[in-house]
Amino acid sequence: MVLPRPGSGFRLRLIRSGHGGAEVGKMAWRGWAQRGWGCGQAWTLPVCGGSYEELTAALAPSRLLRRRFNFFIQQKCGFRKAPRKVEPRRSDTSSEAYKRSALIPPVEETAFYPSPYPIRTLVKPLFFTVGFTGCAFGSAAIWQYESLKSKVQSYFDGIKADWLDSIRPQKEGDFRKEINKWWNNLSDGQRTVTGIIAANVFVFCLWRVPSLQRTMIRYFTSNPASKVLCSPMLLSTFSHFSLFHMAANMYVLWSFSSSIVNILGQEQFMAVYLSAGVISNFVSYVCKVATGRYGPSLGASGAIMTVLAAVCTKIPEGRLAIIFLPMFTFTAGNALKAIIAMDTAGMILGWKFFDHAAHLGGALFGIWYITYGHELIWKNREPLVKIWHEMRTNSPKKGGGSK
């Protein structure tokens, strides 16, 4: 008997029958197993003689083995998994805009969808800006009317309260009394901005809640590429992601609060502040759409720039100083010119650390309102106040016949 070399492609041929055939069958089984695990073709065994049944029984387990491990053998022999196709990452110019600043949250690229028609994006924000500004000044006029009416009533109530306090035993160490004393020692401007500062601190705490991140990004950051356009123009005015950003803005607001409230009054100041936040964000929208540099913005800087510009325009000879460099002082007029020049350069050159368009829009609105807006808007509020007075008192004119 001659056995071929494994893998030669020759068939095994029997020369003898009987017991020799059985031995050859065992050798054929071992050869088939070796070739089967080596992923080649199994040897075929043409049998001669009377030992066919024995060889058939010997080859039966091998067929079962071949079927059972067929998949394993194919994986081992050359069937490999197709390489995973890696989709190229979409390049978005807006992602670079907000990744360069540490004052805004890390926003996913898929959070914003620039409109194929950018000019149409500004239609709704424009109507919202005009409508909200009108409602803000109208509400401020009604608020002033109600506050003047309540002051008359509180004057008589105050006389009665002072008389009761004089005969009432005083409590020492009362915590509520200390709070009232601290509150009464504040100026009108400081008491007014205390609520604004509290709102900013509350929103800042909401940014620290992980489950609210998507909601905060959608409603408390302003971006013309976002699905929600109008409400973030107001809500982002009270939104700060960085502690340093919020502390700096609130310090400036607290510093100028007394001056701006003495100039405008409490009610008019609130109308100007809220309107300035919306108007500055609208200017930011226009700049982003015009340049194609989309990205989220947040913070009270635009409204605070309005306050600062209004004070500097009204009191140009006032002396100001930088927070960390109090030894260097300069006039308010020169400070306003430097701020406008810096924000103009930043908007043209595309600086990303601040939203220079919002700063510039807020500053220009503050200058305009002190120069012209006060005469055009606030001094023409009397017709609205008369209508509210008639509705409030519910006393329409009786009679009114012609003389």
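Along the chain as shown, residues are numbered 1 onward.
In case you wondered, yes, glycine gets a Cβ from its N, Cα and C as well.
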Candidate ranges 189-207, 303-321 [criterion: TrEMBL lists as transmembrane segment]: 189-207
DSSP-derived helix, strand and coil totals, residue by residue, for the domain 'Peptidase S54 rhomboid' (233-373): 104 helix, 7 strand, 30 coil
Surrounding residues of the transmembrane segment (189-207) on its own chain - C-beta under 8 Å, 6+ positions past either end: 105, 183, 213, 216, 220, 235, 238-241, 243, 246, 249-250, 253-254, 257-262, 266, 269-270, 273, 300
